[in-house]
Amino acid sequence: MDQIIPDRSSAAGRGRPRLNVLMAGPRGFCAGVDRAIKIVEEAIRRYGAPVYVRHEIVHNRFVVESLERQGAIFVEELDEVPDDAPVVFSAHGVPKSVPAEASRRKLFYLDATCPLVSKVHREAEQHFTRGRHILLIGHAGHPEVVGTMGQLPEGTVTLVEDEADARSVAVPADVPLAFITQTTLSVDDTAGIVAALRARFPDIHAPAKEDICYATTNRQAAVKAIAPRAELMVVVGAPNSSNSLRLVEVAERAGCPKAVMVQRGRDLDLGLAQGLATIGITAGASAPEVLVEEVLARLRERFEVVIEEVVVAEERITFKLPAGLHA
Ligand code: 10D
Ligand code: SF4
């Protein structure tokens, strides 16, 4: 479904070079991010500031700073949280040791782990219960990977980062295998890694339904739809945001000559769009639409912007707040 929206500030744009801007749809906030932010806001409203948050609630500085202004305090570890303050765990999920330690200290905590990440945690537990060794496809050190591996005892989950790992990973002898994945991976890279695993281990158990989430899949599909027409892709997102980084890669692989990530409108080098006819814009699942608006405003400083929305999927999914925080 394509929709052409004329530049609302076209009067101001007159006389400037025309720039066609393809807007990827869907882009920006997913249901898990929306829920996680609401959990922090609602916790501040109910319990008063400060509310501590373990790790960036989602990987976006603008979101984090907005919540800080409302009374959130962001920390990396639980030992930075005082005994008498509520604490929220980020959308990326936490190892089992974190709620265990919070309970031991009798902290009041709220878990903002996205339900689709929790689903992968449950899958991991089921495989473990059935005696399977687990291969987790994901990026080393990412908090979601740390959280998922931390659902089970050490040594029961092995990380596979790429096809080379899939071809060489050592697994325990005579133990059935299963794989699970991080939710924000490249759909295409993961297909290659899974094919390599299946070639080596034909009986490996796969997720009933993909672990890569709907939001990741849809945002990559939308970028693929516009990349062949765009001479430049601007991805609004943060360098520590896995799903946003994947959009940069997807754009370039799908035929866009150059893709750049920007955190704010002011970060965009307008020189990159000079002389181009058409560019694309998308935003990672943790990037608010207001930052996309900033990028458009920045482009209008130099160009007459003509917007075309290219929507490949409609998203209606929403997640309820945890029990106790319902309105
Ligand atoms: O790095 P990332 O893509 O996993 O996280 P970000 O906070 O950017 O986006 C939301 C995705 C989550 C919470 C993992 F599913
Ligand atoms: Fe949940 Fe997917 Fe959003 Fe991650 S990107 S928070 S898994 S909906």
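Placement of Cβ uses the backbone N, Cα and C atoms for every residue, glycine included.
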Among His92, His121, His205, TrEMBL assigns to the dimethylallyl diphosphate site of His59, His142, Ser241, Ser242, Asn243, Ser286 just His92
For His142 (isopentenyl diphosphate binding site), the same-chain residues 6+ apart in sequence with C-beta under 8 angstroms from its C-beta are His92, Gln182, Ser242
Close to ligand 2, in the sense of Cβ under 6 Å, among Cys30, His142, Thr183 as binding-site residues, are Cys30, Thr183
For His92 (isopentenyl diphosphate binding site), the three-state DSSP class is coil
Cα of Cys114 ([4Fe-4S] cluster binding site) to Cα of Ser286 (isopentenyl diphosphate binding site), in Å and rounded, measures 12
